[in-house]
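Participant: Encoded as structure tokens, here's the structure I'll be asking about.
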Amino acid sequence: MMKFLNQILCLSLVLSISMSSTLSFAQTCSNYKFSSNNVFDSCNDLPFLDSFLHYTYESSTGSLHIAYRHTKLTSGKWVAWAVNPTSTGMVGAQAIVAYPQTDGTVRVYTSPIRSYQTSLQEGDLSFNVSGLSATYENNEIVVLASLKLSQDLGNGGTINTVWQDGSMSGNSLLPHPTSGNNVRSLSTLNLVSGVSAAAGGAGGSSKLRKRNIHGILNGVSWGIMMPIGAIIARYLRVAKSADPAWFYIHVFCQASAYIIGVAGWATGLKLGGDSPGIQYSTHRAIGIALFSLATVQVFAMFLRPKPEHKHRLYWNIYHHTIGYTIIILGVVNVFKGLGILSPKKQWKNAYIGIIVALAIVATVLEAFTWYVVIKRRKLEAKTAQHGASNGSRSQYA
């Protein structure tokens, strides 16, 4: 039984630690021809949101001529592309916004973003913009513009770019989603070399890496190790040969899960502090509740009465109630986190498979445990009855 549980644990850890998110494009920008016969020197396939950037940069004048294409749009969507002169994020971005209006025309305008709570109001940017226009055909918006940037960008010709999309209500813009690819759509672009990279490094943004680390740590700890530790405690203790080994295995598993979970919880707090305008209230509240309950559970171990103590029954009720509450909240919050990270579907399916496998194992072991317990009680009752019978015969012998 212990060997089987160890195999489940190893499989769970391997599948969980593999969680990451990648995305590939079938389209490329290099073979695209504009209906307006515009020609640009360079283009980039943007890594998220089905978008492309075509551009010509004149380093002598600091002029940047761009065509931003956002494809595969459904009706009632707005799009935006921006340069951020001050940072790699959303705040400070100088945006160009476009959307199809209800009368069939396309509105395009500039909007400086000063906070996360922006409603993309029209306003002047920190640099001049001319030749602004936009078209909407075949579920694709194309924005054309000329930007007058500083002739000395100070970063070797590198700019920070952000692009986005969101839904609309009539002609009113609604906030864009705050999960999945909508929080990954930022990059740096070297206008001289044409090299583009996800903001924060070629391997992906530092914030995205932190989100993935946060997800893996919490998925492994609260979502997998905690349930396995509970299974070990409930079912291995039935085997008399496993006593007291089951207890130490249980403590090791739960203590390891707690330590890893606290690390994941701390990265979550850091992510929240770095993104004050992005809030996942339910996910955050459950995370705080998990940390609080698990911390109380850990310290309660130091107050555990001996088995024969009159208060041990009440301690057991408390311990089991808090423990199973932690497991339920942990699994629920892992699914909340998967919804926020939006990884490939196979990783969510993998976690579902792990939980289903653990549930099946628990069900089978529950039935087997009751079989063993009932059989043992019958045997003990029979032995006691036989002993009493022998004692009675010897008394009258």
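Using the three backbone atoms N, Cα and C, a Cβ is placed for every residue, glycine included.
Automatic, uncurated: that is what TrEMBL annotation is.
Summarising the annotation, TrEMBL assigns heme b binding site to H214, H250, H283, H319. Per TrEMBL, domain 'DOMON' is recorded for 49-166. The annotation domain 'Cytochrome b561' is assigned in TrEMBL to 178-374. Taken from TrEMBL, the feature signal peptide covers 1-26. The transmembrane segment annotation in TrEMBL covers 215-233, 245-265, 285-303, 315-335, 350-373.
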Participant: Counting only residues 6+ away from its ends, which parts of the chain sit with a Cβ under 8 Å from the transmembrane segment (215-233)?
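Facilitator: Answer is 5, 8-9, 12-13, 16-17, 19, 246-247, 249-250, 253-254, 256-261, 263-265, 267-268, 287, 290, 323-324, 326-327, 329-331, 333-334, 337-338, 341, 343, 351, 354-355, 358, 361-362, 365.
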Participant: Give me the largest Cα to Cα distance among H214, H250, H283, H319, the residues the record lists as binding heme b, in Å as a whole number.
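Facilitator: Across H214, H250, H283, H319, the widest Cα separation comes out at 27 Å.
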Participant: Which sequence positions outside the transmembrane segment (285-303), separated from its termini by at least 6 residues, show Cβ-Cβ distances below 8 Å to it?
Facilitator: 218, 222, 251, 255, 258, 261-262, 265, 268, 315, 318-319, 322-323, 325-326, 329-330, 332-333, 336
Participant: Counting by DSSP secondary structure, give me helix, strand and coil numbers for the domain 'DOMON' (49-166).
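Facilitator: The breakdown for the domain 'DOMON' (49-166) reads 0 helix, 66 strand, 52 coil.
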Participant: Among the binding-site residues H283, H319, which residue has the fewest other Cβ atoms within 10 Å of its own Cβ?
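Facilitator: Output over binding-site residues H283, H319: least Cβ neighbours within 10 Å is H319.
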Participant: Would you report the average pLDDT that the model assigns to the domain 'DOMON' (49-166)?
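Facilitator: A mean pLDDT of 86 is what the predicted model shows over the domain 'DOMON' (49-166).
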Participant: Over all shown protein chains, what is the count of other CB atoms within 10 A of the CB belonging to H250 (heme b binding site)?
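Facilitator: Other Cβ atoms found within 10 Å: 19.
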Participant: Can you count the other CB atoms that lie within 10 A of the CB of H214 (heme b binding site)?
Facilitator: 23
